[in-house]
């Protein structure tokens with residue numbers, strides 16, 4: 001009596017299955033999955049805009065230098081909000097800043113199509129706003145990941161109050177060689193990453209004479225490789241520490257160096273690629289090796305300053321974001337000079 005029919009119970013369970021699977025995960029893994037999805041959506045937006053705007057600029061006959069200016073606008077806003085985002089995440093909590101980031105980002109994204117009617121200035125302004133909103137994301141994610149899990153019910157409030165009273169040790173941070181090593185590696189990583197991400201459509205169409213939109217799923221290979229190797233780099237670092245007995249510093253340096261050297265070699269060879277498959281393989285090798293290096297510099301701030309992980313990440317990501325702006329402009333200028341010479 002009162003028992004639900006088996007078919008209806010099965011249907012109800014099937015409808016709730018994805019959410020129920022998520023809820024069965026340990027709290028730590030729930031946080032990791034949520035942060036992964038937030039970061040995934042952010043990068044989909046960046047890559048998607050660069051591909052879409054390349055097609056729009058091509059149909060409008062826009063020059064490469066102008067295209068570089070629009071693509072680089074995102075990074076002006078992205079760089080400006082990194083350090084304030086890390087500070088705010090420490091004071092108010094990473095989860096709150098994630099919500100604020102997505103809210104501002106959604107509003108700016110909705111306004112972007114309408115900004116096209118305002119010409120270059122409108123698009124640039126919209127992309128700067130998107131950059132500011134997304135700049136809050138990564139420091140917030142790293143603040144959340146660096147905190148113990150699961151937190152006690154009163155912990156968010158206590159952490160926020162503690163952040164308001166305890167001053168941030170800016171002087172110690174800025175004098176730390178480890179912090180500057182993270183900044184330098186973030187700078188180098190993002191130069192290579194943003195050159196490939198923003199200019200891959202132009203590289204295929206102008207150098208390899210093939211429209212990237214015609215390649216179908218193949219064009220996703222570099223980013224799939226980066227996803228896989230980013231996880232492999234994190235695993236390799238932990239394996240060197242836990243199984244091989246290396247110090248944290250040595251393990252992070254080993255993973256970081258291997259990834260950076262391999263990506264530099266692939267990036268140098270990329271301009272001489274023969275054919276579409278050569279371009280795909282070399283861009284995949286470049287981003288794949290860069291992803292592996294994340295097992296070094298991209299997690300080291302949580303090793304050396306877990307309490308201030310968001311701020312250190314914001315500091316290093318500022319260098320990376322501004323380098324992304326320079327990379328976009330430089331690549332656009334080089335393409336303009338190449339066409340002028342021809």
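Positions of Cβ are set from backbone N, Cα and C atoms, glycine also.
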Inset, instruction - From the ranges 178-200, 316-338, pick the one that TrEMBL records as transmembrane segment. - result: 178-200
Inset, instruction - Out of 7-25, 26-44, let me know the one TrEMBL marks transmembrane segment. - result: 26-44
Legend entry - Segment-level pLDDT (mean, integer) for the domain 'Major facilitator superfamily (MFS) profile' (31-342): 82
Legend entry - Surrounding residues of the transmembrane segment (253-270) on its own chain - C-beta under 8 Å, 6+ positions past either end: 185, 188-189, 192, 195-196, 203, 229, 233, 236-237, 240, 246, 279, 282-283, 285-297
